[in-house]
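Asks: Before I ask anything, here is the structure I am working with.
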Amino acid sequence: MSDESTVSADQPAFQAPPSVVSQALSPLGRAPAQISFLLTLAAVLGTALISAILILVAIAPSVDKAPSGISPLLVAMGYSLGGHLTGGIDEGSVGSVSIGASMLPLGTLAAVATAVHLLARRRARQDESWAPFGAVALRAALEALAIAVVACLLTGIVSVSGDGISPDLDKGEIHASPGWILLSVWVLVFGALTAARAGSALLARTPGAIQRVVHELGGLAWGVGVILGPVVVLGAIVGAALNDAAHAIPVIPVYLGNLLIYALSLGTLGGASLSASQRDAFGVFADIPVDAGTTTSLAWDALGGWSSLLFLAILVLLVVAAARIGTRRQRLAAPSFERVWQMPAVGLVLAIVALHLLIPLRVHIGVSVARLGSHSAGLSLVPSWWSSLTLALILLVISVLAEYVPGLLHANAASLLRLIGGGAAVDRWVAGLPATGALPMTSGQFAAGPVASTGPLASAGPVAQASPIAAAAPPPPGTPAASPGTGAFPLGTPGTGAFPLGAPDTGSFPAGAALAVAGTVPAPAIPAPMSPRARRRLKLVTGAVVACLALLMGFFIAVEMLNSQRTPEKEVEKYLDLVAAGKASEATAMVDPGVSNDQRALLTDSAMSAATSRITVVDVEEKEKGKGDDEKRVEATLSVNGEKFTRIFTVSSKDKSFGLLNNWKVKTSLAMPVQLSSKSLGGLSVGGTEVALENPSKSSKGPKPPERAGGTAVQYMYPGIYPIASASATSAYITTDKSSVTVLPGDSAASGTVLAVEGAPTEELKRYVLAKINEKATSCVTPPTNTDSSCPIELRSTDLASLSVTTPASTVTMDDASTFKSGTIVFTYRRNPSTWDKNPKDQTVRYTFSGTVDLSGSGDPEVTVTRAAHALAF
């Protein structure tokens, strides 16, 4: 009894360990944990702020007014954290419009998770984050929830007016989705904090197969980042520059994760599907340039010849990822296919999540119109359904190659293997050691736990006092404690066949290290280097393969560069350049207007070269890119003498040259019908080309109205400003009331643009007409022509003793070149004596002559007096 009382008196009273909640909450009341919380919040909001600035810089050239103020910045931050935007326009009783768009910016979200993870690892020692996993997870959940709520309140309840985007949206507003901000920030921060504080310990307690799969997926992610990352970034920059979208370059970091996943999907023979749906009975969405349905594009459809670069990068990725993953496996005497299926299986699950949940772009528009009902349209860009399957198959190929590639590289390019796999991992692989155990941790990350002694002396002596945290959270049974001074856990426990991480401070093993556990199979011999002859032969074959791949890649790049100059826009530009240069014959041969030859008189080089102003090409752009591949619509903005107009051209595809080079045919002609008309002219000279005007009245078989010299003609012309004059045969007698005519689309009737031109008489024509008038007056006093119906009625008698023109006309008035009216003509006549008048006296009458002038003939004008009217004397 005395011994027992002595022992009881010497030993401290038993104390129950703190609860999980207590271990999670107690550090939060102290300054180090609070500082870590504030730094984590700053990392989340700072990363979102940088992302928002990049987004606003990219969209500024695409909106009517550049975003300004704090509201657009906060909304962009909310989108960067949640990936969802909602908004709409409320017109009250008229109707409303709702808009929703979603696409997670994986580049920004990955940056947030990385920043939080690195910060948490760096401050793990200061903020007392070591505790049992339950306490670590609870604390991380509480911190993540607080940060998510702050981010949601700061960025999720602010909206920006649509007027900042377009004046047509002045009554609308756009805001980020608060729910998605809360969810995504909580998930990201919770996951990053938990992985940083307890990920290594948790992984060390998992089965070796799971540890190996985690290491292999890490190697795969490293390979994707190193190989595909630069290719995607450079490709995105070059693509944006070539497509006149250089302003979008700043958002490449924001969507870098999305671009990487899409590139990996397309490069592994997956596809991208563009889907559109409409429920629109009244044509509300008629202007949306996408047909309802689904269009799937493969890599060569989306990237053309540039897809060869992507496929080459995937081939390099196969080798690099296989080498990286293979060095994470234990080297065996022969390939083991029992360990190749685990990574592809897990990769398939991750591919389904990433491809079909994380990266799709979805847009939905709903319109509610009073008395017309509701309408909706949706648009989505997602990987094709088989993309995850093809990606899993490629992962299976990589996993199989991982059994062979490290050995081949070690025998022929050991330095390259160390560069790809990492020195420590390659040393473990060479030594035949399994790559399982905890992830490396920073020295002193956690306080060292007590090391229990199992010897008889230790059991007889008093128990050493441990730190409070260690006493409160002892390592789980069967789990070795952290090594003093390092905080790292050994790879396994005695009796399991696992091995320690390695030599102190190196983490690597000398080549040929022996197995530490008795009863296990020794590692196979180190692969012997190849003989110099075999090495030369391998290098020769490898060089030939690389050269062939380089030539093939160069060939496809050359084809793509040639096709970039053989687009529908380029074909339309080529056609318009011919018209702008005045090469009408070549332009007409390239695109035939399909009219008869007698309507092509002005589609000549001579007529075009005489134009004082021809078209200037302002812009050429393909419209409705989502339509079919065989026919495209191209909109050209042109100007004539500074006046702009647009024209839509239909371009259809032709058979490819050599099966590779695209060919296009412009179907829409720029030539337009022009109706030339004149009431006074029988012909016109347009750009030096004579055009006869037909007068329908001259060929009519019915009752004929008084003939006029005018007429009409329909000719096809290219837009421009053309000099115009009367026909050369009548140019001495008549001038046009316009010196030039402008041909532009827009003022079109059934027969095309109408150009009315009238003639103005010259002084020579007036003198000629005056002479003809006086000749007619003379004929009216000369029998028998005095009886003509156009002579004065008093002179149309055969019972006259004398007839004479006392005063001929001295003036003539011509309102146009086709009609005239003379000045006063004085006639004197005397009747013969009769029973009633034995001695008649001279009588005087005053008349004016009027009539028409016909200039349609090739000789002198034809002047016809059609009426003689009494002249009033004042």
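Each residue, glycine too, has its Cβ placed from N, Cα and C.
Pulled from TrEMBL, these are the listed features:
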- 35-57: transmembrane segment (TRANSMEM)
- 69-87: transmembrane segment (TRANSMEM)
- 99-120: transmembrane segment (TRANSMEM)
- 140-160: transmembrane segment (TRANSMEM)
- 180-199: transmembrane segment (TRANSMEM)
- 220-242: transmembrane segment (TRANSMEM)
- 248-269: transmembrane segment (TRANSMEM)
- 281-300: transmembrane segment (TRANSMEM)
- 306-325: transmembrane segment (TRANSMEM)
- 345-365: transmembrane segment (TRANSMEM)
- 385-409: transmembrane segment (TRANSMEM)
- 540-559: transmembrane segment (TRANSMEM)
- 692-711: region 'Disordered' (REGION)
Asks: Taking contact to mean 3 or more CB pairs closer than 8 A (sequence separation of 6 or more), are the transmembrane segment (345-365) and the transmembrane segment (69-87) in contact?
Replies: no
Asks: In the same chain, which residue numbers or ranges, 6 or more beyond the ends of the transmembrane segment (540-559), come under 8 angstroms Cβ to Cβ?
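Replies: Contacts of the transmembrane segment (540-559) (Cβ under 8 Å, skipping residues fewer than 6 from its ends): 305-309, 312, 315, 660-661.
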Asks: Using a Cβ-Cβ cut-off of under 8 Å, list the residues of the same chain that are 6+ residues beyond the ends of the transmembrane segment (385-409) and lie near it.
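Replies: Sequence-distant neighbours of the transmembrane segment (385-409): 216, 220, 264-265, 268-271, 273, 314, 318-319, 321-323, 325-327, 329, 331, 335-337, 340-341, 343-345, 347-348, 351-352, 355-356, 416-417, 420-421, 429, 527.
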Asks: Between the transmembrane segment (306-325) and the stretches 35-57, 180-199, 220-242, work out which stretch tops the count of Cβ pairs under 8 Å.
Replies: 220-242
Asks: Which sequence-distant residues neighbour the transmembrane segment (99-120)? Criterion: at least 6 residues beyond either end, Cβ under 8 Å.
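Replies: Tertiary neighbours of the transmembrane segment (99-120) are 36, 39-40, 43-44, 46-48, 51, 79-81, 83-88, 129, 174, 180, 184-185, 188-189, 191-193, 195-197, 252-258, 261, 358-366.
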Asks: Using a Cβ cut-off of under 8 Å, list the residues of the same chain at least 6 residues beyond the transmembrane segment (35-57) that approach it.
Replies: 28, 67, 72-74, 76-81, 105, 107-108, 111-112, 115-116, 119-120, 123, 126-127, 129, 143, 146-147, 150-151, 154-155, 185, 188-189, 193, 247, 250-251, 253-254
